[in-house]
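Under the heading heme binding site, Swiss-Prot lists N73, H98, R102, R289, H345, C347. As annotated by Swiss-Prot, substrate binding site applies to N242, with the evidence given as experimental evidence. According to Swiss-Prot, the site 'Controls regioselective substrate oxidation' annotation covers N242.
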Amino acid sequence: MTATVASTSLFTTADHYHTPLGPDGTPHAFFEALRDEAETTPIGWSEAYGGHWVVAGYKEIQAVIQNTKAFSNKGVTFPRYETGEFELMMAGQDDPVHKKYRQLVAKPFSPEATDLFTEQLRQSTNDLIDARIELGEGDAATWLANEIPARLTAILLGLPPEDGDTYRRWVWAITHVENPEEGAEIFAELVAHARTLIAERRTNPGNDIMSRVIMSKIDGESLSEDDLIGFFTILLLGGIDNTARFLSSVFWRLAWDIELRRRLIAHPELIPNAVDELLRFYGPAMVGRLVTQEVTVGDITMKPGQTAMLWFPIASRDRSAFDSPDNIVIERTPNRHLSLGHGIHRCLGAHLIRVEARVAITEFLKRIPEFSLDPNKECEWLMGQVAGMLHVPIIFPKGKRLSE
């Protein structure tokens, strides 16, 4: 059967770019309310963007992700805009093509490889802390959360780390620009830069991931320029925005949750597990799927050409999957959250984001154990397919640089 949703349903107006914010400036109250409705109606129809399905239940999202025949990753970004003759490699592809391309970059993102960045991340984090520790104030989002992943991603791709603002603008076009024309215009800038980088790396390859991909072959054939542009785009996107928004939300939480902060300071061995629980609660991403054939999920029948938006933050609060889902429980194990995806498209950098968060939290709490939200400035939540805190102004006792 094809279910219908009452006009009073929260699903009807659900829009990841315009999520209602609560008194704390976050959408978490709305997430909980939609979760409550999803307990009886896990999938609903939203009128936003010409109409699309909102999938909110944990098992329903799993069902969509696992059914790669009926749901294509060509709908991963929504609303969609024209990206030219290439795709968002891996994230915007389906198997068997997806698998072949993913294998090219799987090794640099393995736990063994990403653990090697720990010391580099530690140094980078402390350099950033040094830049403001004598001031006693700063925006933890722009000062730390944006910069930590941007610097590492630039190094991985062989880009100048100091051009982080440019990279974030390109990423913004994919995850936060609602206007398709504006998004395509900014995206064209990214493409032009990628073409220049690819041409340079063909003649002067380095040790970075882009050089590795450029010099690789699939079925005996070198990758086309369009494929390489797609690779550059998805590696930039996955490396910068998701981690930045997650870390921003974590700093925001630690600024006011004194009990959690002091517990992690007293027991730093809990930080790795806390990172996973914070990922469950503040996972930044939602993804779309394009329906390619008629399919029924639960009691909802979807038609070819429709889009299904997977609301991971709602599934991460599903009471059938998690005990006390509205609370941060850092001892939670196992923690089968969906914040990093599921199945064949599980986030390639899943281990890297954990390493980045673990190092950032550990080093920050060592240097600045006491801090709070700045009462004279406003925090700001960013909505979109990648959501999280955009500004987190904090104050803290002035300290000394490590170099002194």
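Count begins at 1; order follows the chain as displayed.
In case you wondered, yes, glycine gets a Cβ from its N, Cα and C as well.
Cα separation, N73 (heme binding site) to the residue listed as 'substrate binding site', rounded: 18 Å. Taking a C-beta cut-off of under 8 angstroms and a sequence separation of 6 or more, C347 (heme binding site) has the following same-chain neighbours: G238, N242, L340, G341, I353. Looking at N73, R289, the binding-site residues in this record, the fewest other C-beta atoms within 10 angstroms of the C-beta turn up around N73.
Look at R289 (heme binding site): DSSP puts it in a strand.
Cβ contacts within 10 Å of N242 (substrate binding site), excluding its own Cβ and spanning all protein chains shown: 24. Under DSSP, N242 (substrate binding site) is assigned to a helix (H, G or I) in the three-state scheme.
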